[in-house]
Amino acid sequence: MPQKVLITSALPYANGPLHFGHIAGVYLPADVYARFRRLLGDDVLYICGSDEFGIAITLNADREGLGYQEYVDMYHKLHKDTFEKLGFALDFFSRTTNPFHAELVQDFYSQLKASGLIENRISEQLYSEQEQRFLADRYVEGTCPRCGFDHARGDECQSCGADYEAIDLIDPKSKISGVELVKKETEHSYFLLDRMKDALLSFIQGCYLPDHVRKFVVDYIEHVRSRAITRDLSWGIPVPDFPGKVFYVWFDAPIGYISGTMEWAASQGNPDEWKRFWLEDGVEYVQFIGKDNLPFHSVVFPAMELGQKLDYKKVDALVVSEFYLLEGRQFSKSEGNYVDMDKFLSSYSLDKLRYVLAATAPETSDSEFTFLDFKTRCNSELVGKFGNFINRVLAFAEKNHYDKLSYHSVVLEDSDRAFLEEVRQLVRDAEKCYREYSLRKATSVIMSLAALGNVYFNQQAPWKLLKEGTRERVEAILFCACYCQKLLALISYPIIPESAVAIWEMISPKSLENCNLDTMYARDLWKEEILDVINEEFHLKSPRLLFTTVE
């Protein structure tokens, strides 16, 4: 039976366009991993969607004079279109205004309350006397109580990453009017996370976390405290039996992974299909997030699941990225440090962008996109190594009338066998990189394989042998080079799928209509017995230029 694999990535907030930082950190890694697991023949479900509630949305919608639903509709469509332009292999792109979400969120809350994990408390919150209302976190800014950053948001500091309650800010002010805020008593529901410390520590021991964040998560759980999960807002999911209150966005948003799967199942005509991934055994669940979302995905959401009667699937691996910068600075459209996605893709191929973002992904530390690095990698790696290897072999074969190559008609020498073993080892290395969620290492292996193919072709020098009349030896060299190209297409497909399919089409004996690396024909290549026993046939076609030089 194929392994069931559930993949989710942090829901993009319906409050602005996606930029390269979002793509490189979270969404490209999730897409690459989904493609890789499908190549293995696994039963993969990849769910994402828009996060459509929260204070930041109401703030910006008010500024733009738009209704809240109109505002999130606009950005939901933009996000969905962006994912499609980037070729992401999603099974379903949902949203937290989907028809299943509100009821499920309220049910989560009711079960936590019935389990004694929710209690209402009267506490001091920030109040604007000018606006005559309590202001929830994103309506507030002030000085961070940890690092002293003087424009910290009301729920987390964008400078040091600390998260806290808005009441903890020093010198808090309204983001609407700029007036100083006062403290005033009000009532909210609190999630008693401190009562779940032992259960959370036990859970996190069995969950994959990158080394660079594990200590943070364990420390967070050790010092976890109750959190207010309600807000005084009109836009949000109403809290049962608590008039005037809606759920805090970080209580409702993670439940969107489940409600989004419900919506997917309904769209397939099988409303219970979601249970196969969330309630049945034998599922591997991998979640891709940015480090700024870490407390909510590693602590709050697992705690919410642990407090339910239904045994919802808990995450097995949290893949956490650092920040991705543009020329050393944070992406900011308002400050002009921004790349327009549509304009960029009108000038450069999608595979060029995917490759460079993968090669520079912020996996264990902050990294950056620079146009000089983009140009250098495209020209030296994609054109100079990868594309050059494909083109020179196929151009030589076409010029000298080699259009069919078969294992059964060639005689391999020791140098060929040694080369093929190196090729197979690099394929194993690539699989290891993908299993360990490292796009950077995978791109390095891809280029190593292309470089190996170039070195082999140079050393064998078939153009010299052809002059000596040893046509049969040239056929063996071309066979080995094409075998290398086929495996190069396989291991590069998760990252540069268009180019990989183009290679496949140029050497595969299958028809173009059926040429897809997601077929079992490709999946079998991962199996050790296929890697170790060559039984191939290649039908060569005219070479097509995969990559052009970036000026």
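Backbone N, Cα and C define each Cβ position, glycine as well.
Within the set 130-134, 240-244, 330-334, 510-514, the record from Swiss-Prot flags 330-334 under the feature motif ''KMSKS' region'.
As stated in Swiss-Prot, the feature motif ''HIGH' region' covers range 12-22 out of the listed 12-22, 144-154, 342-352, 408-418. When the alpha carbons of Cys147 (Zn(2+) binding site) and Lys333 (ATP binding site) are compared, the span between them is 26 angstrom.
Each of the binding-site residues Cys144, Cys147, Cys157, Cys160 was ranked by the number of other C-beta atoms within 10 Å, and first place falls to Cys144.
Note: the CA-CA distance between Cys144 (Zn(2+) binding site) and Lys333 (ATP binding site) rounds to 24 Å. For the recorded Zn(2+) site, residues Cys144, Cys147, Cys157, Cys160 set the reference point as the centre of their Cβ atoms, and the other residues of that chain within 8 Å of it by Cβ are Pro145, Arg146, Gly148, Phe149, Ala152, Ser159, Gly161, Ala162. When the Cα atoms are compared, Cys160 (Zn(2+) binding site) and Lys333 (ATP binding site) turn out to be 22 Å apart.
Using a 10 Å radius centred on the Cβ of Lys333 (ATP binding site) and all shown protein chains, the other Cβ atoms total 12. The motif ''HIGH' region' (12-22) scores a mean pLDDT of 94 in the predicted structure. Cys157 (Zn(2+) binding site) sits 20 Å from Lys333 (ATP binding site), counting Cα to Cα.
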